[in-house]
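Visitor: Pasting a structure below so you can have a look.
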Amino acid sequence: MSQPANYLANTTCERLQDIADPDVTGLGVVTSFIISITFNFSAIIMAYFFRWLPESRYSEIDDAFVHEIWSFFQSSISPSRILPEWERREQARHREFMKRKRIRAFESFMVAMSDQQLITGVALIITTTFMSFDPHLSASFSVYSFQVATRLGYFSCIVHLCTVSLLREHFDTGKRLRDFRVLLVAIILVLLVICMVISDSVTFRFNRHISVQCAKSNFRFVDPERPGYVGFSDEVIVIFNLVVLVLVILTGYSRRFLEIYYKSARTDYHYWPRKSLRVFFGRDGEVAYSRASPGVNSLLEILQNSSRRRRGRTSCFGYWVLLLDIWVESISTSLLWDIIWLSFYLTFGMGNFWSFYMDAGLKLSMKPNFGQVVPLILVCLPFLSAWEAFTGKLCRYQLATLSFIEEVVRDDHDFEPRVISGLLSSNQDEDSDPLLAAHTSGNTEGILTVAKRLKIPLLWFKSCTFIYWVGLMVWALMFAGVIPGHGAFYVSIISCVIFAGFVMANTAAWFKAVYYVMIHRLSWGRFYNGCCEAVTALMSYVLDKLRR
């Protein structure tokens, strides 16, 4: 059903003749943001399949997935097998040398692209907020330009989120610069959420040709008096979808920010429950949580000991729930999981931008002014940074690492490998948090081990991953309005129910661990007496209040 657009124009508010601000909605500005996010995501896909990241960044899930893809293209006979030993050794050293140069070039490209979009996004969002709340500037600033600026600010967040997801180890070195980036992103997120809430109001959604000043004067997030008002779609669906979308963005950023500061959280699905219990109860809390939440290895034993012939419907359901739990724990710490969610953010951003321009019905124009030409030129800067990093000389520790590789190949025992142990990569440093060393090392056994031990074909797990990926893409297109209807609302409800189930399971395991610790530290008699005293004190307090 077509929505009545601009119902306040020429009635309550004056219709603006020129609603497109060239410095915000110009073709050069919009194109630069779209090119940046497209190049950014394309670079991520290439880095994933061509392994332009440090080897420690790839998990067993990533290795299996990349090997599955490359198996369709690789030849069965490697030409290096027929070469002499000295030539194979030289080729291995050359490949390692070029790989390190590609990794350094890729990091330079991603960081330069991220910083460029971060500064541009901060400037755009702050300028948009200032123009929207200034009484003089908001009179000529249209709602259309405000909505375009909000969507471009979202693109800036996505570009930076991609960088944070991939280059976590890069931010371990410059901690002050890392904190500065986090502060800028926090500013963008706060302002972006405010702009998203305002942009999704009924006043801003259906009145794009009026000024922001007049829209603020007649602001209604839900307006029952507007033409074509439908209570369910205008109130329930819009508010619920907006809350879910904001929570998805904030939780995605918060998880990746915390992984920057806490290295152990990058590879351990249960890091935060264990850490919180250790803060309160010490080592006993960690042991109790391991008992309450079995983990992958214990779940494997449960699945192996269960006889599939004796299971009824309830047991069969529990069997597949355990498999799903293992699948989530295994894939959630892989790079593939980050790429899946980054594709969700990208699909939503592109789809939302496309549907917005289709609904607006305006033609983009390119004017050779400063505000449109500069963003297009700035897109080239990350490529220059990558070229400089690729053609430049390797630093001392990288050359030392290559020398170590050559010496190992030649079996030179006079060379001491311990000198190189701290030079391989920054992500091999031990976490300052002494928690969970044993648990993080045991997380390599995941869904691949399950498939091997239980003789379950990997096709089932691949299908789960593929269905999950496609489902997120469809959900993003529903959110963006590319797929019409109320599908996003119903899918959001299902997603919230599934997410709530995982949260309740983890919360129950946490309280169960607290119970184990309390029982362990207190005898049954003292624990029973303490509970009775607490109940008696509570009843006395309630009776005393009632008497008064």
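Placed from the backbone N, Cα and C atoms, the Cβ positions cover glycine too.
Automated prediction, rather than curation, is the source of TrEMBL annotations.
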Visitor: Quick check on the annotations: TrEMBL lists transmembrane segment for one of 151-168, 529-546. Which range is it?
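Guide: Spelled out, TrEMBL records transmembrane segment over residues 151-168, not the other listed ranges.
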Visitor: Test of understanding: applying the rule of at least three C-beta pairs under 8 Å (pairs 6 or more apart in sequence), is the transmembrane segment (317-350) touching the transmembrane segment (151-168)?
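Guide: Yes, these stretches are in contact.
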Visitor: For the transmembrane segment (317-350) and the transmembrane segment (108-131), does the number of C-beta pairs under 8 Å, pairs 6 or more apart in sequence, reach 3 or more?
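Guide: No, the transmembrane segment (317-350) does not contact the transmembrane segment (108-131).
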Visitor: For the transmembrane segment (236-253), find every same-chain residue at least 6 residues outside the stretch whose CB is under 8 Å from a CB in it, and list them.
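Guide: Residues packing against the transmembrane segment (236-253) from afar: 157, 161, 185, 189, 193, 196-197, 200, 202, 222, 341, 345, 348, 479, 486, 488-489, 492-493, 495-496.
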Visitor: Among 26-50, 370-390, 459-483, point out the range having the most Cβ pairs under 8 angstroms from the transmembrane segment (108-131).
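Guide: Going through each listed stretch, the top one turns out to be 370-390.
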Visitor: Cβ pairs under 8 Å with the transmembrane segment (489-511): which stretch of 26-50, 180-199, 370-390, 459-483 has the most?
Guide: 459-483
Visitor: Which of 26-50, 180-199, 459-483 has the most Cβ pairs closer than 8 Å to the transmembrane segment (370-390)?
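Guide: Top-ranked stretch among 26-50, 180-199, 459-483: 26-50.
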Visitor: For the transmembrane segment (459-483), give me same-chain residues lying six or more residues beyond its boundaries with a C-beta closer than 8 angstroms to one of its C-beta atoms, as numbers and ranges.
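Guide: That would be 68, 241, 245, 324, 327, 331, 336, 340-341, 343-345, 347-352, 354-355, 447, 451, 491-492, 495.
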Visitor: Cβ under 8 Å to the transmembrane segment (26-50), counting only same-chain residues 6 or more beyond its ends: which ones?
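Guide: Tertiary neighbours of the transmembrane segment (26-50) are 20, 62, 66, 69-70, 102, 106, 109-110, 113-114, 116-117, 148, 152, 155-156, 158-159, 162-163, 166, 335-336, 339, 342-343, 346, 349-350, 353, 364-367, 369, 371-373, 375-376, 378-379, 382.
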